[in-house]
Amino acid sequence: MELLDAHLVPAVDGVAFGLLLFVVAAGLSLAFGTAGVLNLSHGTLYAIGAYTGAELSDGTWGGLALGLAAGTAAACVAGAGLSAATAPLARRGHLAQALLTFGLALIGGDLLIQFFGADELPVRVPEVLDSSVTLLGHRYPAYRLCFIVMAVLLAAFGTWVLTRTRMGAAVRAAADDPQMLAATGHSPRAVHTGVLAAAGALAGAAGVLGAPIIGPGPGTSENVLMLSLVVVVLGGLRSLWATFAAAVAVGEVQTLGVSVAPELAPYLLFAAMAAVLVLRSRFAEPAGAGHGSAASGPDPVARLRGRLAGLKRSSVWRDRLPRRNRAPAWLARLPGRAAWWRAAPLLVLLGVLIALPALLDAYSISLAGSALALGLLAVSVTVLTGYAGLPTLGQTAPFAVGAYATANLADAGWTMGPVQIVLSALAAAVFAAVVGPAVIRARGTTVLMITLAIGELTGAVVNQLKSVTGGADGLVGFPATQALWGGEGMLEESELYNYVLVVAVVAVALTLLVLRSPAGKLLTGTRGAEARMRASGHPVGRYLLVAHICAGALAGVGGSLMVTVQQYLSPADVGFEIAAFALLAVVIGGTTSVIGALLGAGLIVATRDWVAGSWPGHGPLLLGVLFVATVYVLPRGLAGLRGGGSGGGGQGGPPSDPTGSPGAPGAPGTSDTPRAEDQPPSAPAPTPAGKASP
Amino acid sequence: MLELTGLTAGYHGGTVLHGLDLSVPAGTVHAVVGHNGAGKTTLVHTVAGLMRPSAGTVRLDGRDVTGQPAHRTARAGIGLVPQGRRVFAGLTVDEHLRLSYRPPRRGDTTRPSVWTPARVLELLPRLGERRGNRGADLSGGEQQMLALARALLGSPRVLLLDEPTEGLAPVLVRQIDALVTTLAAEGIAVLLVSPSPAQAVACARTLTVLTSGRMTLRLAGDDARADATELHAALELTATGA
């Protein structure tokens with residue numbers, strides 16, 4: 001009883017918070033589950049409502065009603081606009097949608113700050129509610145109780161519409177089989193637009209009513225988006241009640257959790273999300289789990305399979321041999337004209353990168369250095385997203401491991417560059433090996449969420465583990481890195497840049513070599529036709545784990561370079577924003593292109609820090625415009641600029657049909673979920689996606 | 001009356017259906033028979049508006065509906081019972097009926113007959129017993145009934161049946177045959193597509209054999225019922241030809 005007494009207020013707060021999240025997350029879940037739109041600008045819709053509500057609130061009921069009407073309407077219109085914006089992307093997969101909606105969120109956030117100012121707006125609730133009531137001996141704000149009632153009513157109304165009306169039936173039918181809905185005379189496009197408008201209205205209403213709880217400010221959108229993503233992931237897309245339970249649970253973690261166990265609170269949320277996802281993907285794929293153990297076990301079938309796999313692999317090598325034997329060995333090693341042509345962009349890029357220090361000022365040179373470090377991070381994301389088919393938002397975790405390893409090594413007096421690089425890569429690889437099993441069993445957007453949780457958990461650790469990471473203050477003042485034995489610590493920007501360039505070139509060259517080797521082909525095969533790879537005896541899980549470890553090491557090298565070039569490290573350098581940028585750089589680059597990923601990272605850093613330098617404070621706006629423009633102008637990313645569709649420097653992979661492109665026009669856009677069974681059964685194309693690339 | 005002239009359609013680059021001419025007068029059954037991959041489902045999807053033809057026209061009682069999106073062709077009076085039934089897994093039978101019920105516009109007296117949920121349940125009583133069950137929980141035969149009910153509730157002028165007896169027990173197959181005949185007698189033009197000639201012979205006034213997207217034989221149903229050798233020969237030729 002005493003326990004209840006002490007925690008009553010946070011517990012009730014948790015309910016209010018959870019209900020708020022439920023209303024927001026229901027919209028997100030509706031948009032994703034029934035309209036197929038992964039809406040990363042959903043938090044911005046909430047912010048639109050919250051700002052409007054706060055602006056119009058004047059302490060009267062009329063102000064609240066007016067705010068509610070205006071905020072809901074504004075967010076509803078924005079949602080409908082989103083439907084129009086995503087319509088051309090219907091067949092391009094969730095990554096293209098993520099790029100678009102993230103860009104729109106950045107633009108929207110910037111515009112909201114322009115319009116309403118950068119400070120948190122005060123909210124004035126109606127005077128009657130601006131008091132406190134007594135709740136089992138505790139004073140409690142009346143508005144929150146009133147909000148609980150309103151949110152329950154809103155949730156009940158939404159549930160009633162969705163489950164009891166003809167309109168709701170049409171929405172559920174559209175999620176199930178849009179073609180058959182059309183065959184009954186309802187336009188799926190209209191349903192789609194209606195769903196996104198309704199999702200916007202829900203977010204807007206939640207924003208107006210919830211403004212006194214999560215107030216309108218610059219961080220609101222991201223905060224709300226992240227929490228509602230967690231709710232949607234925990235609750236799944238199937239049932240509103242599960243979403244409801246998840247929302248209240250998340251609300252309680254955020255309030256009751258903080259008051260009961262403040263030490264654990266930062267981890268609880270994402271740890272729960274990761275656990276749910278990993279368990280769910282394990283239950284969903286018993287075949288995968290069974291295969292992993294069978295291949296290593298002693299049973300004869302598995303051994304036979306292993307031998308078959310060995311044969312397969314050696315035949316890949318044998319195919320390559322005759323070509324080499326045609327001419328003297330050394331001649332054959334010289335690449336032919338086609339190879340030079342294919343490598344041309346890479347060589348041009350290399351030339352430009354070498355010439356950069358002579359062309360730029362010190363600040364720009366150091367920007368170019370950090371762009372290279374981020375480029376390596378993006379390349380590691382390409383390896384996972386484009387080649388292994390595991391779209392990731394969590395590569396900042398090994399990146400962080402590498403970065404903090406280097407910073408701590410330097411602090412301990414290990415300032416030798418190559419040693420730092422190797423040890424950081426090793427640390428990151430070990431980290432990737434540990435978390436790998438949780439990642440590689442899932443596919444598609446589930447991977448995105450699991451890796452997001454891993455990234456956020458790492459971020460929480462970084463913030464808590466002050467002795468190693470310096471916490472939120474970051475690390476600064478460690479000795480400079482020496483490029484080679486006998487040298488001195490590098491302090492000049494151009495020196496640092498050259499060091500970073502050399503390491504990056506070596507790392508990228510190694511990556512390209514591996515991707516172009518049979519190992520790269522095995523990964524591509526896994527992404528394209530996993531079931532067939534399994535059936536031909538390939539231990540797919542092991543390939544993916546190795547790919548995950550290698551990508552982790554690569555990200556670790558990137559992190560190490562980041563520290564070396566910046567001479568400073570803060571949690572923001574390894575946060576969600578960087579993870580998102582790395583993934584978006586890959587999408588901009590064309591998903592399976594290594595050089596595209598490097599260019600994408602360069603483009604993002606240049607836009608955010610260099611171009612925005614002449615228009616201070618508008619970095620996000622410019623980035624948003626860049627993302628939105630890329631989605632429409634370059635449907636196949638930078639790699640698509642070359643015409644033939646070969647993936648830039650990464651030709652070792654698939655020449656056509658990268659994950660982010662409309663490779664199989666018949667199949668509706670789930671290209672980041674390559675498994676056939678993930679796709680809705682409405683695909684009219686007679687050829688499965690796997691047949692597309694010879 | 002459904003009229004197709006020179007209908008040509010395909011999937012990104014490959015043409016599947018080559019200039020098909022075909023007409024289904026109101027109140028009759030026209031059966032299209034052909035092997036797997038002959039283009040039967042492509043034909044049905046093109047007529048239903050789920051695919052755009054690359055050439056040719058689809059006319060419905062003289063009105064051109066070529067290339068209209070599926071929901072417009074459905075409203076114009078083309079009902080589709082797709083291959084594999086494709087009922088909505090998460091919707092109950094009742095919700096299916098409510099969602100699909102689309103009475104003709106007031107003043108539209110050209111529909112052969114107007115279907116209401118009550119009338120559909122009278123025709124398909126089994127569905128009445130499963131009103132609260134979700135589409136995914138129904139048996140194959142019940143799903144077929146539901147798919148038929150869904151198409152009928154738009155009060156169609158033309159009914160497209162894509163392999164309606166696929167995977168059903170023989171007793172249900174006979175029931176479906178009887179239903180097709182009943183519906184044609186109501187004045188609906190029925191385009192029936194089937195891989196096996198048996199059902200086609202049982203209820204069609206006209207038969208078309210489709211081979212690799214082209215018509216290779218057309219004969220009257222009565223002739224086929226009297227002597228099926230020509231029909232079987234055409235289909236056998238298909239087998240060796242392919």
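Each Cβ is built from the backbone N, Cα and C atoms, and glycine gets one as well.
Positions annotated as compositional bias 'Gly residues' by TrEMBL: A:644-653.
Residues or ranges marked as compositional bias 'Low complexity' in TrEMBL: A:658-673.
According to TrEMBL, the feature region 'Disordered' maps to A:644-694.
The transmembrane segment annotation in TrEMBL covers A:12-40 (among others).
The feature transmembrane segment is assigned by TrEMBL to A:95-116 (among others).
Using a Cβ-Cβ cut-off under 8 Å and counting only residues 6 or more beyond its ends in the same chain, the transmembrane segment (A:195-214) has close neighbours at 16-17, 20, 23-24, 26-28, 30-31, 34-35, 37, 39, 42, 45-54, 57, 64, 67-68, 71-80, 82-83, 86, 121, 123, 125, 143-144, 147, 150-151, 154, 158, 171, 174, 220, 223-224. Annotation comment: TrEMBL describes A:195-214 (among others) as transmembrane segment.
Residues 11, 13-22, 24-26, 28-29, 32-33, 42-43, 155, 158-159, 162-163, 269-270, 272-273, 276-277, 280, 449, 452, 456, 576 of the same chain lie 6+ residues outside the transmembrane segment (A:226-252) yet bring a C-beta within less than 8 angstroms of a C-beta in it. The transmembrane segment feature in TrEMBL is assigned to A:226-252 (among others).
Beyond the transmembrane segment (A:264-283), the same-chain residues lying 6 or more positions past its ends with a Cβ under 8 Å from any Cβ of the stretch are 227, 230, 233-234, 236, 249-250, 253-254, 257-258, 289, 438, 441-443, 446, 449-450, 452-454, 456-457, 460-461, 463-464. Per TrEMBL, the feature transmembrane segment maps to A:264-283 (among others).
Look at TrEMBL and you will find A:339-360 (among others) tagged as transmembrane segment.
Nonlocal intrachain contacts for the transmembrane segment (A:367-390), taken as residues 6+ away from its ends with a CB within less than 8 angstroms of a stretch CB, comprise 95, 353, 356, 360, 396, 398-399, 439-440, 443, 447, 451, 493, 496-497, 500-501, 504, 507-508, 511, 515, 520, 523-524, 526-527, 530, 543-544, 547-548, 550-552, 554-555, 557-559, 561-562, 565-566, 578, 581-583, 585-586, 589, 591-594, 596-598, 600-602, 604-606, 609-610, 647, 650, 653, 658-660, 672, 674. What TrEMBL records for A:367-390 (among others) is transmembrane segment.
A Cβ distance under 8 Å defines the sequence-distant neighbours of the transmembrane segment (A:421-440), meaning residues of its chain 6+ beyond its ends; these are 274, 278, 390, 392, 394, 397-399, 401-403, 405-406, 409, 414, 447, 450-451, 454, 503, 541, 544-545, 548-557, 559-561. According to TrEMBL, the feature transmembrane segment maps to A:421-440 (among others).
Remote same-chain partners of the transmembrane segment (A:496-515), defined as residues 6 or more beyond its termini with a Cβ less than 8 Å from a stretch Cβ, comprise 350, 353-354, 356-357, 365-366, 368-369, 372-373, 375-376, 379, 383, 387, 417, 421, 481, 483, 490, 523, 550, 554, 557, 561, 564-565, 594, 598, 649-650, 652-653. The feature transmembrane segment is assigned by TrEMBL to A:496-515 (among others).
Feature annotation from TrEMBL assigns transmembrane segment to A:543-566 (among others).
The annotation transmembrane segment is assigned in TrEMBL to A:578-605 (among others).
What TrEMBL lists as transmembrane segment is A:617-634 (among others).
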Cβ-based contact of the transmembrane segment (A:339-360) with the transmembrane segment (A:12-40), 3 or more pairs under 8 Å: no
Same-chain residues near the transmembrane segment (A:12-40), Cβ under 8 Å, at least 6 residues beyond its ends: 46, 79, 82-83, 86, 90, 94, 97-98, 101-102, 105, 135, 140, 144-145, 147-148, 151-152, 154-155, 158, 162, 171-172, 174-175, 191-192, 195-196, 198-203, 205-206, 209-210, 213-214, 224-225, 227-229, 231-232, 235, 237-238, 240, 243-244, 246-256, 445, 668-669
Among A:95-116, A:543-566, A:578-605, stretch most in contact with the transmembrane segment (A:617-634) (C-beta, under 8 angstroms): A:95-116
Intrachain neighbours beyond the transmembrane segment (A:578-605), with Cβ under 8 angstroms and 6 or more residues off its ends: 95-96, 98-99, 102, 345-346, 349, 367-368, 370-372, 374-375, 377-379, 381-382, 385-387, 391-396, 399, 452, 455, 508, 511-512, 515, 572, 623, 626-627, 630, 634, 636-640, 647-650, 653-654, 658-661
Other parts of the chain folded back onto the transmembrane segment (A:543-566), taken as Cβ under 8 Å at six or more residues beyond its ends: 366, 369-370, 372-377, 379-381, 383-384, 387-388, 390, 395-396, 398-407, 410, 417, 420-421, 424-429, 431-433, 436-437, 439-440, 481, 490, 496-497, 499-500, 503-504, 507, 511, 514, 519, 522-523, 526, 573-574
Same-chain residues at least 6 beyond the ends of the transmembrane segment (A:95-116) whose Cβ lies under 8 Å from its Cβ atoms: 37-41, 43-44, 47-48, 51, 54-55, 78, 82, 85-86, 89, 216, 218, 221, 225, 385, 391, 580, 583-584, 587-588, 591, 618, 620-621, 623-628, 630-631, 635, 659-660, 669, 671-672
